[in-house]
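Student: Just passing along the structure, written as structure tokens.
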Amino acid sequence: MEKIMPISPISGHMPLSQIQVPQHATTSPLLEQGNRLFEQSVRRGPLHFQSSSLKHLCAELRQLQNAPSSMQARRVQDAIQHWENHHPKEVMARSTRLAELKQALAEQGTVGRTLQSKVMATGPQVILKQPMPALPQSIAAQITKAQTGCTTTLVSSATAELIKHNQNNQQHIKDSDGRKPVNNMPPPPPPPMADKTQKVKKWVVNTDSKQLQALRYYSAQGYNLINTYLRGGEYVKHQAIETLLSRNYLHSNEPTPQEFDAGMRAYIQDVTEGLNELAITDHKKVYRGLKFDKSELKNLLDQYTTEGNIIAEKGFLSTSPDKAWVNDTILVINLESGHKGRILGDAAHFKGEAEMLFPPESKMLVEKVLNRDDKEFDSHFSNLRLTDDASADTTRIKRIINIKMLNE
């Protein structure tokens, strides 16, 4: 990575034309360590963490190194929490480096949030209206902030605007202060008035409904809590309370059991309604890879391998409209018009992942079970659409189950 030399603070009467616009902040060594850790994980394949979002985190980390951003830092933190919740053994083996990565995020991401709010409060337009004597100090202050290791796009943009403003208007400002023109040349005319018909850029405001925001949070990290709760599994109660408090579904950190259940139901209802807000699609088939070869999952395996059996999925059901992740069991789910599945698309937290999500209590009919030693297995296997991950071992697939999604 190209090393960026620090910019000297402005002092005395340094010509503003010599000031350089800060390009990138010096990268934290801890952040580089975290980047290398997850790059290694990518090379080992998505099955290392059982998460295709691993590649997205590496992209976020590279962007975060070049231009630290509070929003990107938050997405990286969400991804780390996702792995901590779902893959504790793998994470435990790398707890030291994850701790280092979190510290790096605290250094750059958290400081970024603090700095960004201050910069937006002043804003480049406010600074541009200051008289000439204050401009060098303003630029120096911005560059000093950049040298702390937290250059944001906003800071760079503001600094560039200040320099350009000074270069274009230096003569005009001097003339207005009663000083003589340089080299006996007349001062340039004042800058042209802005075209009032030109559209004014505004800050982007999140106009998503509360339900869509709940759905996006679910896709980031809330799915583990919700689905564990719906399926009657064990979850960490204080983490669940913190989640509900942060989403305004609880107003006390010591809720009664009734208050907690009411908060969870409201949260689940919002996610479901957010899902219903998405567009209906005409998909005819989706896929889902499952790992059933565990003794504790025998009862669940029996349900899925009994032809004619109707299964009611208590939690949200995540499927892929494109390809199935390789596992010991592949579900091929056939859909009819009017199904309740929705493609998350832009509503997903991690972009680029094709996912169709079905609401709780979706019912499925087991139509046909094909084991590897069945005669028809090979023909069905050749028609499967599987992930093209090089580390995927297709010999692990033991059964293909054809499912019909019931519109009830």
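Cβ coordinates are placed from backbone N, Cα and C, and glycine is handled just like the others.
These numbers come from a predicted model, not from an experiment.
Sharing the feature lines straight out of Swiss-Prot:
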type	residues	note
ACT_SITE	Arg288	active site
ACT_SITE	Ser318	active site
ACT_SITE	Glu355	active site
COMPBIAS	184-193	compositional bias 'Pro residues'
DOMAIN	190-393	domain 'TR mART core'
REGION	168-196	region 'Disordered'
Student: Within 10 Å of the Cβ of Arg288 (active site), how many other Cβ atoms can you find? Include all protein chains, please.
Tutor: 19
Student: Provide the number of Cβ atoms within 10 Å of the Cβ of Ser318 (active site), excluding the reference atom itself.
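Tutor: A 10 Å sphere around the Cβ of Ser318 (active site) contains 17 other Cβ atoms.
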Student: To the nearest whole angstrom, state the Cα distance for the pair Glu355 (active site) and Arg288 (active site).
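Tutor: About 10 Å separates the two Cα atoms.
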Student: Would you mind giving the whole-number mean pLDDT across the domain 'TR mART core' (190-393)?
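Tutor: The average pLDDT of the model in the domain 'TR mART core' (190-393) works out to 85.
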Student: Return the count of C-beta atoms lying within 10 angstroms of the C-beta of Glu355 (active site), excluding that atom itself.
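Tutor: If we count other Cβ atoms within 10 Å of Glu355 (active site), we arrive at 20.
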